[in-house]
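Visitor: Sharing a structure here in structure tokens format.
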Amino acid sequence: MPMPPDDSALSLLPDHPLAAHNTFGIAARARFAARITQAAQFEALHRDPRVANLPQLVLGGGSNIVFTRDFDGVVLLDEIAGRRVVREDDDAWYVEAGGGENWHAFVAWTLEHGMPGLENLALIPGTVGAAPIQNIGAYGLEMKAYFDSLVAVELATGRRERFDAARCAFGYRDSFFKREGRGRFAIVAVTFRLPKQWTPRLGYADVTRELDARGITPEAATPRDVFDAVVAIRRAKLPDPLVLGNAGSFFKNPVIDAAQFDALRARAPDVVSYPQPDGQVKLAAGWLIDRCGWKGRALGAAAVHDRQALVLVNRGGATGADVLALARAIQADVRAQFGVELEAEPVCL
């Protein structure tokens, strides 16, 4: 009697081009690539002699990575799909999505099914599985606000583990998976808790201005109104990666203490800032970069976008080294002029 097919078996793609798998469009290559469509494939990796001893990189939408060289290992393309309501109670829906689901499509799906909450995070590039790694955020909302739990596979052992918010240790564009857990886990599913009592988050002036331009008051705004406003803002400010390669916001907004902020404001009274609950102050990195004269400037084939100084772009043929050189030049100028350190959001490999 024939053996049933092994659903965990990997089909390896040798010398695989990665330009289509990173939103910068950088033409790196991987020694091997493999498309992962189910958690069992991640769980079986450590038993596969072809890849068990190779460096491994889990890649979703490729919107948070800069390849500075070819990857001499196996790139695991996370394509695990699925969306479902796993349970609900009187207060909330608990919605699970596969790690390979497109983030924006998932947000749109929750709204279409009457489960709002994530609309401020619309149009952020990448996958559901990448969202907790970065604790993605925009327009006054971080993903952690609606996070319930996730399931991840430890690549070295194939062990499946559940992480709650405490174990994920979320920070500003940060989590356990960017620190101690970096490179160790593949996120296969994420569950979100979406409250049935919806409260709009309209603290950002860009959002209220866009609503006002549409004739919508904050009091009358629906979840769909907020979603549409955020999509319109992002499309106006950020270039389409399919047209102009980029990774969205390249730098984190730096957070400094009150004393450093007072000194900075004495030199630059119009500095754009956002007070934080702990007494620290978040600065607008785009404003700092613009003040240093970088908006629209280029180094080789890498450039600063002419409408959004926080976005670095590939004008065509840029290498990862070009992007990194531009980023370092910007960091040096901001440090020299303002005494502030800018930290890159994407992972540079």
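Yeah, the Cβs are placed from backbone N, Cα and C, and that goes for glycine too.
On a predicted model such as this, the values are computed, not experimentally measured, just so you know.
The active site feature in Swiss-Prot is assigned to ARG173, GLU345. The active site, proton donor feature in Swiss-Prot is assigned to SER249. Under the heading domain 'FAD-binding PCMH-type', Swiss-Prot lists 25-197.
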Visitor: Within its own chain, what residues at least 6 apart in sequence put their Cβ under 8 Å from the Cβ of ARG173 (active site), listed in sequence order?
Guide: GLN134, ASN135, ILE136, GLY137, LYS252, GLU345
Visitor: When a 10 Å sphere is centred on the Cβ of SER249 (active site, proton donor), how many other Cβ atoms does it contain?
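Guide: The answer is 21 other Cβ atoms.
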Visitor: Within 10 Å of the Cβ of GLU345 (active site), how many other Cβ atoms can be counted across all chains shown?
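Guide: Excluding its own Cβ, GLU345 (active site) sees 20 Cβ atoms within 10 Å.
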Visitor: Determine, from DSSP, whether ARG173 (active site) sits in helix, strand or coil.
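Guide: Where ARG173 (active site) sits, the three-state DSSP reduction gives coil.
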